[in-house]
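A.B. asks: Quick paste of what TrEMBL says about this protein:
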TRANSMEM  16-36  transmembrane segment
TRANSMEM  48-69  transmembrane segment
TRANSMEM  75-97  transmembrane segment
TRANSMEM  104-128  transmembrane segment
TRANSMEM  134-154  transmembrane segment
TRANSMEM  166-186  transmembrane segment
TRANSMEM  202-223  transmembrane segment
REGION    246-266  region 'Disordered'
COMPBIAS  257-266  compositional bias 'Basic and acidic residues'
Amino acid sequence: MDITDSRRKKFGRQTYGSLVIFMGLAVSQWILVCLVESGRSIFRDFEFICSGTFVLAGLFFTVFVFNQSVRNHKIYSWVVAFVIVELEIFSMYVLVARTWVPDLLACFFFCTLLMIVALVVGCHLSFSMDLTRYIAPLFILSFVLSMMSTYFLLAHLFLPNLMPYAYLIFELGLTFVMTSMIMLHAQTINGDRYIQMRLNDFILAALLVFHEFLLMYALTFYWQIHYNYFTSADFFWMSTSTPNTQGTTPEYPEYGDYDKNTSDDDWSPKNETNYDWLLDNWDTIAAENSIM
């Protein structure tokens, strides 16, 4: 093994180690938001704040990608990378506060498994399938799939008869694009193809794969929030929670699980008497009683 091979292997370990750190930070914070009732109630109302932090993270990531001096600095590169990751993790709080831990972990596991499979397949593709030599066709394919996915997203929003199948096609299209990008970056990280990542850009490589994973995972929140496939009714009962209010404790503890979503039974006080209060002709009533 020559020096270049050893440095390339070290680069791969640093890249995937950084990726594991980023993903560990993300899932730990998301689980905490899901479990803490105060966090759920607070972050559900952070639509604009979380959207703003996501845009800010995109701007920081753009600067990080195109500014080589920042990437080459040992301290600044880590600081900017953690700022980007934390901003994106925080941006997901508004979605995480609307789902539950079983669905959160199940979808996280599936997306992680899909990412690992894409990384392994990308590294072991034959040299005749060097994706780094076909970046232009890959870009065109990604553009076509993104365009088709956009159409089905609009169909999902405005054509109720296609729900949820239109969203499924939209998600599958973008997921295929992201998995192809992961395979491409796996080959550049491995360093045995036409295009290689620079050996001191392991943080950039980890951020690229993390962003691709994050997009795939964000698409699953539609199923997590609307369908709760992996959260059973026993989970709601044990957590004294209700799926409609997205909370983990009842709003009125003295009534158990009774909250704003009342049942068909009306508990409001009623006047059950059969007396006709509209009858106010007392002279007629007195005359009838005297006759009797």
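Any Cβ shown, glycine's included, is placed from N, Cα and C.
Keep in mind the model is a prediction, meaning the values are calculated, not measured.
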A.B. asks: What stretch of 48-69, 75-97, 134-154, 166-186, 202-223 shows the most Cβ pairs under 8 Å to the transmembrane segment (16-36)?
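C.D. replies: Most Cβ pairs under 8 Å with the transmembrane segment (16-36) come from 75-97.
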A.B. asks: Cβ under 8 Å to the transmembrane segment (48-69), counting only same-chain residues 6 or more beyond its ends: which ones?
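C.D. replies: Apart from its flanks, the transmembrane segment (48-69) reaches 77, 80-81, 83-84, 87-88, 90-94, 204, 207, 211.
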A.B. asks: Going through 75-97, 104-128, 166-186, 202-223 one by one, which has the most CB pairs that fall under 8 Å from the transmembrane segment (134-154)?
C.D. replies: 166-186
